[in-house]
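Feature list (source: Swiss-Prot):
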TRANSMEM  22-42  transmembrane segment
TRANSMEM  86-106  transmembrane segment
TRANSMEM  116-136  transmembrane segment
TRANSMEM  148-168  transmembrane segment
TRANSMEM  170-190  transmembrane segment
TRANSMEM  224-244  transmembrane segment
TRANSMEM  247-267  transmembrane segment
TRANSMEM  278-298  transmembrane segment
TRANSMEM  316-336  transmembrane segment
TRANSMEM  353-375  transmembrane segment
TRANSMEM  406-426  transmembrane segment
TRANSMEM  431-451  transmembrane segment
REGION    472-496  region 'Disordered'
COMPBIAS  486-496  compositional bias 'Basic residues'
Amino acid sequence: MTKTTQLIPWYRHLNRAQWRAFSAAWLGYLLDGFDFVLIALVLTEIQDEFGLTTIQAASLISAAFISRWFGGLMLGAMGDRYGRRLAMISSIVLFSVGTLACGLAPGYTTLFIARLVIGIGMAGEYGASATYVIESWPKALRNKASGFLISGFSVGAVVAAFVYSLVVPVWGWRALFFIGILPIVFALWLRKNIPEAHDWEARRSEKTPVRTMVDILYRGEHRVINIVLTLLASVSLWLCFTGELNSAVIVAALGLVCAAIFISFMVQSSGPRWPTGVTLMVIVLFAFLYSWPIQALLPTYLKTELAYEPATVARVLFFSGFGAAVGCCVGGFLGDWLGTRRAYVYSLLASQVLIIPVFAIGGANVWVLGLLLFFQQMLGQGISGILPKLIGGYFDTDQRAAGLGFTYNVGALGGALAPVLGALIAERLHLGAALCSLSFGLTFVVVLLIGLDMPSRVQRWLRPEALRTHDATDGKPLSGAQAVSGRKRGLVKSKS
């Protein structure tokens, strides 16, 4: 920005169409968060009505993780070929239809299939909507676009908990799923009347052929093998997450098989830039591993170790969820001010100062605990609001939606693994100590991976001929990866 434009408030750089585009995508994210937590809120009611075992009930939560990676790939590829807007509409229709099916489900099998559909739609929502908003806003405001957008998920989760307390005691658990589809009419109206993303339109005007991930994987020379690998990965994830296997060794082996398949898909679709894509998947995996033990097991910690009543638990969880939502917006401002990676690192380091007091203070003062959780989640969880901006910058426009959707949702499998790790450590330590140690240790891993710009560094180490020295979203130099003139490539510091 010039000095003149810097004097203008940031929101005045956005026109009505850009705000309308953001509103449509944000509402989709709110619905995403709303639908995601519904199953957790009514799991005991569903278990009682259908007579499910604990493993069957838990598998209904895991079902969405089984299909998310595929949804990110397919709907992301749709967004790359046909436009971000169509992929957004398709994704919200999918997870809304899945939500309606949950409310109508006559039994476990139908409910499980509906959760698979929700997982596909949620994954597409993340990749398509994030890419759409980021590409629609001015480059200088794209961290705000990313952070503000992701805040919708946390708001949706808070709204779901509030609606649950009003609806389920009166009308039962099915009514909650029916309510979850009501905003779909407004969202579809908005998305029908919004323009296409600027970057995608500019790319289409070049009239150069576009090969999406679907074209490469399922229409190329290895399509038969890739279809078989897709089925193998899906079955392996189903066996791992539904509790069908009692052997930890077999589960670990299947996990490695899935990892190999996902890396294979990234290598095929990204060509010589595969080191960047694989490293991004690792970053997202660790981002989920450090944050999701607290997200998943905090209610259990409050109930068991602090002996809080349900009303008190709800109050503390509100502080936590609201802090994450505020943190997404704060992260957007920090990202545009300091730069995406620098803001991410500083915010995570600040959160580390608070994580130990959160679990050391005990339960004597609920308000102090709530405030500590608010700020810890604001800094530690909320900064993930700019993760789409961070990931998207490493992909070119013609593969950005699929690259972002696939990378994020493969890494999101860490969200399914994280509670298990927390529970295993809790067998030897108190649950609070387990959550604290996991979050504290793994956060530093993410700090190093992002702070040292490891995607670009690994790219330089393994395939330097495909090293891209500039961020594809903002056109800024990638710190630690800028090529030196001449044959030799080195690492040059920059101001990004």
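Heads up, the Cβ atoms here are built off N, Cα and C, so glycines get one too.
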Considering only the recorded stretches 22-42, 316-336, 353-375, 406-426, state which has the highest number of Cβ pairs under 8 Å to the transmembrane segment (278-298).
406-426
Check the transmembrane segment (353-375) against each of 86-106, 247-267, 406-426, 431-451 and return whichever range has the most CB pairs under 8 Å.
431-451
Within-chain partners of the transmembrane segment (431-451) [C-beta distance under 8 Å, separation at least 6 from its ends]:
279, 282-283, 286-287, 289-291, 293-294, 297-298, 300-301, 304-305, 341, 344-345, 348-349, 351-352, 355-356, 358-360, 380, 390, 418, 421-423, 425
Six or more residues out from either end of the transmembrane segment (316-336), which same-chain residues have a Cβ under 8 Å from its Cβ atoms?
10, 140-151, 154-155, 157-158, 161, 294, 298-299, 302, 308, 343-344, 346-347, 366, 369-371, 373-386, 389
Candidates 86-106, 116-136, 148-168, 247-267, 406-426; stretch with most C-beta pairs under 8 Å toward the transmembrane segment (22-42):
148-168
Is the transmembrane segment (148-168) in contact with the transmembrane segment (247-267), using at least 3 Cβ pairs under 8 Å (sequence separation of 6 or more) as the test?
no
Top stretch among 116-136, 148-168, 406-426 for CB pairs under 8 A with the transmembrane segment (86-106)?
116-136
